[in-house]
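Have a look at the structure below, then the notes.
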Amino acid sequence: MANGPGIVVTGASGRMGQMLIETIVASDAYHLVGALERDGHDWVGQDVGIAMGGQPMGVTVTSDALETFRKANAVIDFTAPAATVAFSKIAAQAGVVHVIGTTGMTDDDLKAVNVSAQDTVIVRAGNMSLGVNLLVQLTKKVAAALDEDFDIEVIEAHHHHKVDAPSGTALMLGEAAAEGRGVLLSDVKDSGRDGITGARKRGDIGFTAIRGGDIVGEHDVLFAAAGERIVLRHMATDRKVFARGALKAALWGQGKAAGEYDMLDVLGL
Ligand SMILES: NC(=O)C1=CN([C@@H]2O[C@H](COP(=O)(O)OP(=O)(O)OC[C@H]3O[C@@H](n4cnc5c(N)ncnc54)[C@H](O)[C@@H]3O)[C@@H](O)[C@H]2O)C=CC1
Ligand SMILES: O=C(O)C1=N[C@H](C(=O)O)C[C@H](O)C1
């Protein structure tokens with residue numbers, strides 16, 4: 001008999017999709033009930049295990065979200081903003097927990113997700129790892145303890161396939177620093193410096209994005225003052241940390257009241 005909640009993985013052929021499927025099938029705490037890819041993708045119609053280059057798993061990749069979500073207890077979604085907005089509406093219709101790892105969402109995308117959260121449990125975070133979520137709390141504390149003599153810079157590095165910048169994690173860290181300082185990130189955010197930028201504005205929170213090779217995800221929060229610097233750092237070396245966090249969120253969300261939650265709720269931080 002199958003164990004634990006039934007999970008659907010969207011973006012099954014993606015870097016995170018495949019990592020999630022491997023993690024689910026290796027665990028007794030969950031089971032895979034569906035694998036979704038976009039219409040026209042060459043995995044659609046194939047057994048997902050075969051498509052991944054291994055043994056059959058008895059789950060055929062499909063592009064029919066509603067039919068698949070109806071068979072599940074949770075959907076784990078690391079895809080792209082437009083797909084995630086559409087999936088949140090379908091998850092609400094099907095009444096399943098929607099765990100969202102997708103980053104690069106606009107304010108309008110986030111508003112649409114928030115509307116879906118009136119009808120189902122949504123857990124969304126730009127980073128699902130325990131380490132980064134702890135770093136968020138540390139960043140808030142350090143920013144609250146220091147004044148604007150300390151310039152705050154968030155530096156992130158990712159693989160060369162990544163399409164959005166700053167990363168979702170960098171934005172979480174920037175929000176935490178702004179909250180610690182009692183300001184709005186939108187009022188102090190400085191990203192994409194290029195050319196004659198003028199001197200750094202006191203109180204700004206700066207962002208720098210590095211893209212290269214196969215870097216999984218690295219984030220520094222730098223507090224730099226005259227004569228001293230503090231650096232808070234997280235380095236992910238394996239996507240398993242994100243998959244484990246997302247699966248924890250899927251389990252945590254079962255039976256919760258409809259609403260939008262994050263990994264700080266899941267981890268009790
Ligand atoms: N929150 C977190 O902890 C993490 C978030 N991410 C985010 O997750 C997202 C995906 O990352 P990767 O797996 O590296 O990207 P990827 O490009 O390897 O995978 C994305 C997958 O989504 C699929 N997809 C796109 N539209 C779709 C649709 N309408 N229906 C079904 N599938 C669709 C694509 O075909 C692709 O297979 C990015 O936004 C990334 O920033 C990545 C790692 C950790
Ligand atoms: O695209 C990625 O790979 C990652 N994206 C997330 C982000 O935007 O912060 C999380 C992690 O750093 C990997």
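We number each residue from 1, going along the chain as drawn.
Quick reminder: no glycine exception, Cβ is built from N, Cα and C everywhere.
Taking DSSP states H, G and I as helix and E and B as strand, the domain 'Dihydrodipicolinate reductase N-terminal' (7-128) has 44 helix, 26 strand, 52 coil. For 7-128, the entry in TrEMBL reads domain 'Dihydrodipicolinate reductase N-terminal'.
Per TrEMBL, the feature NAD(+) binding site maps to GLY11, ALA12, SER13, GLY14, ARG15, MET16, GLU37, GLY101, THR102, THR103, ALA125, GLY126, ASN127, MET128. Summarising the environment of ASN127 (NAD(+) binding site), the number of other Cβ atoms within 10 Å of its Cβ, over all protein chains shown, is 27.
Counting only same-chain residues at least 6 apart in sequence, those with a Cβ under 8 Å from the Cβ of ARG38 (NADP(+) binding site) are SER63, ALA83. The NADP(+) binding site annotation in TrEMBL covers ARG38.
The domain 'Dihydrodipicolinate reductase C-terminal' annotation in TrEMBL covers 131-267. Confidence for the domain 'Dihydrodipicolinate reductase C-terminal' (131-267), expressed as mean pLDDT, is 98.
Following the DSSP three-state reduction, the secondary structure of HIS158 (active site, proton donor/acceptor) is strand. For HIS158 (active site, proton donor/acceptor), the same-chain residues that are 6 or more apart in sequence and have a Cβ closer than 8 Å to its Cβ are SER167, ALA209, ILE210, ARG211, ILE215, VAL216, GLY217, GLU218. Residues or ranges marked as active site, proton donor/acceptor by TrEMBL: HIS158.
What TrEMBL lists as (S)-2,3,4,5-tetrahydrodipicolinate binding site is HIS159, GLY168, THR169. Sequence-distant neighbours of GLY168 ((S)-2,3,4,5-tetrahydrodipicolinate binding site): residues of the same chain at least 6 apart with a C-beta under 8 Å from its C-beta are THR103, GLY104, ALA125, GLY126, ASN127.
As annotated by TrEMBL, active site, proton donor applies to LYS162.
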Quiz item: Are there any residues in the same chain, six or more apart in sequence, whose C-beta is under 8 angstroms from the C-beta of THR169 ((S)-2,3,4,5-tetrahydrodipicolinate binding site), and if so which?
Solution: THR103, GLY126, ASN127, VAL132, GLU156, GLY217, HIS219, HIS234
Exercise. With DSSP as the reference, give the number of residues of the domain 'Dihydrodipicolinate reductase C-terminal' (131-267) in helix, strand and coil.
Key: 51 helix, 39 strand, 47 coil
Quiz item: If you check the recorded positions GLY11, LYS162, THR169 one by one, which have a CB less than 6 Å away from any atom of ligand 2?
Solution: LYS162, THR169
